[in-house]
Amino acid sequence: MKFEDLLLEIGGFGRFQILILAILCLPRINLPMHFLLHNFLAATPSHHCAIPHQEAFVNLTMEEVLLISIPRKPDGTFSSCEMFSQPQFHLLLNSSLQSENKTIIQHCQHGWVYDHSQFTSTISTQWDLVCEQRGLNQATATFFFIGVTMGAMVFGYLSDRFGRKTMLQLSLVCSMVFGMLSAASVSYTMLAITRTLTGVALSGLSLIVLPLGMEWVDVQHRTFTGILSSIFWSVGNVLLALAAYLVREWNWLLVAVTGPCLLSIICLWWVPESARWLIAKGRVKQAHRHLLRCARMNGRKDFAVSPEVKNWRSRHTFPLSDKNMGGSYSYISLFRTPVLRKISLCSGVVWFGVAFSYYGMSMNLTGFGLSIYLSQFVFGVIEIPAKMVMYVLVNRVGRRQSQAWTLILAGVCIGANIVIPKPFTSLRSVVAIMGKGFSEAAFTTVFLYTSELYPTILRQNGMGYTSFMARLGGALAPLVFLLDEVWRSLPEVTYCGVAVCSGAVAFLLPETLNVRLPEGIEDIE
C-alpha cells in the first residue's frame, strides 16, 4: 500500500489539509518582508555635506548657503559627497560661474545632512553609509543572502534528520531572536552579524514550509498547494510596502516585520509532523496517531489503519530522501553522467539568472516616477496575476518555452528602460511593472520545472544545488548597483544581459510536460 492511497482513504484534501495550509501560509507571508526589507532598511535619502559655522550666514537663505558651500554636478544638482574648502561668495552674483579650480573642492569633512521627509531614519543615515561607505550599505543585503545560502545547507540536512516540524519551530524561534537583536543593533558590525544570522534562520522557513504542506496533500492538489504558497509570498510583498509606509524608522520597521514570527510559533502547535517522514523513519505509531486525527477531522470516522501499514518500516516502504534509495547519492552524482550533467549545468545557470534578475528588479524601486512605497506595492500586486497566468501557460505551451521566454522578456524590459528617457516616467513605470511580472513568472516556472527534471533519487540534491545557485544570484544582485560609478547604466545592462543569456540556456533543457517523472538515473540517460 502506497502512502498516496492512504491519503485518499483519510480524505485526500479536506478540512485537516486546509487548516495546515492556512497555518503554514503565515510564515510564508513573513519571508519576503525580510528578503526585500533592504529596500527600506538601507534606503539612502538625498544628502549633502554638513556645512560648518552655518550660523555665520544668518542673512542668507538655505539655497544660498548651499550655493556658496557645495559644488554642483553637471546636471545642476548639488553634490552629495563634496564641498568647497572655503565659501565661494562670488557664486551669489553669478551662480552659473562654477569654479574650474579643483583644489578648492574636498570630500565632506563634518558629516552629512539628510532629507528626512521620506524616512525618519535608515541604516544609511544612522551610520553615514554614503559616498565612500556606500559599498557597506549594499553589503548588508549580501550578508543577509549569504546567511540564507548557509542556512539552506544546514536546514535541508537537519529537516531530513530530525523532522520537518521540529526544524520549522527552531527556524521560527531563531528568526524571532535574531530579528529583534538586529533591531537593537548599536553598531554596523552588530547589524551585519545579526542580519546574516537572521538569513540563516529564515532559510529554514523557505525550505521547510512548502514540503511540509505538500507531504500532507494528495497528488491532485499539489499544484494548487504550490500556487497558494507562492501567492502568499506576493501578499507578504504587498504588506511590506504597507509596513514600511507606516513605520519610517529602521529599527521599529525591523520589529514590525519580525513580530509576526511570534504568531507563527503559537499557531504551529496545531500542525502535525509529516506522517510520510515519520513512516520513513520507522516511527509508525506516531504517524498512525496523526493519520487518525486527519481522518476524524475530514469526516472519515470509519478509517482504521490496516495491519499492513502498522508493520511498515522505514527503508522499504518509500523513500523520503535520496539516502534511502539503494546506494547513497551526493551532489557529485548530479554531474557524473552526460545527460544529467547537462541538465545540472543548464538548470544552475537558469536559477542564477532568475534570482539575479528578480532581486535586481525588486531592489531597484526608484527612477520610475512612483514613490518607493507605491513601487513596492505595485511590484507585489503584479506578481499575483503573473503566477495565475503561468500555471495555465506551463500546461499549454510547455515548461521549456515558458521558462525561456519569461526570462528573455524580463531582460528585454530591463533593457528597454535603459533606452527610454528619464522624463517618460509613466512609460518607464509600465515597462518596469511588466518586467517584474515576467521575472516573477520565470521564478514560478523554475520551481515546478526543476522538480520534474531530476530523478526521484536525486531530486532533493538537485533542488539543493539549484537553490544554492539562486541564493548566489540573490547575494550578488545588490552589489551590482555599485557598478553605476563606472557607467550610469551598467547595473541595468548587467541584469538585462544575465536574464537574456540564462533564458537562452533554458532552451537546452528537455521538455517535461506530460512526461512521467523519472525515478532513477537510467530513466534520464
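Every residue gets a Cβ built from N, Cα and C, even glycine.
Per-residue confidence over the domain 'Major facilitator superfamily (MFS) profile' (87-514) averages out at a pLDDT of 88. The domain 'Major facilitator superfamily (MFS) profile' annotation in TrEMBL covers 87-514.
Counting residues 6+ beyond its ends, the transmembrane segment (139-158) has Cβ neighbours under 8 Å at 34-35, 38, 41-42, 123, 167, 171, 191-192, 195-204, 206-208, 363, 460, 464, 467-468, 471-472, 474-479 in the same chain. Taken from TrEMBL, the feature transmembrane segment applies to 139-158 (among others).
The transmembrane segment feature in TrEMBL is assigned to 170-191 (among others).
Nonlocal intrachain contacts for the transmembrane segment (197-217), taken as residues 6+ away from its ends with a CB within less than 8 angstroms of a stretch CB, comprise 7, 13, 16-17, 20-21, 24, 27-28, 30-31, 34-35, 143-152, 154-156, 159, 164-165, 167-168, 170-172, 174-175, 177-179, 181-182, 225-226, 229, 271-272, 274-277, 294, 467. Annotated transmembrane segment per TrEMBL: 197-217 (among others), in sequence order.
Under the heading transmembrane segment, TrEMBL lists 224-246 (among others). Long-range Cβ contacts of the transmembrane segment (224-246) within its own chain (Cβ-Cβ under 8 Å, at least 6 residues beyond either end) map to 21, 24-25, 28-33, 36-37, 39-40, 209-210, 213-214, 217, 253, 256-257, 372-374, 376-377, 379-381, 383-384, 387-388, 391, 440, 444, 447-448.
Annotation comment: TrEMBL describes 252-271 (among others) as transmembrane segment.
What TrEMBL lists as transmembrane segment is 343-361 (among others). Same-chain residues lying 6+ beyond the ends of the transmembrane segment (343-361) with a Cβ under 8 Å from its Cβ atoms: 334-335, 379, 403, 407, 410-411, 414, 432, 435-436, 439-440, 442-443, 446, 449-450, 453-454, 462, 465-467, 469-474, 476-478, 480, 491, 494-495, 498-499, 501-503, 505-506, 508-510, 524.
Per TrEMBL, transmembrane segment is recorded for 373-393 (among others).
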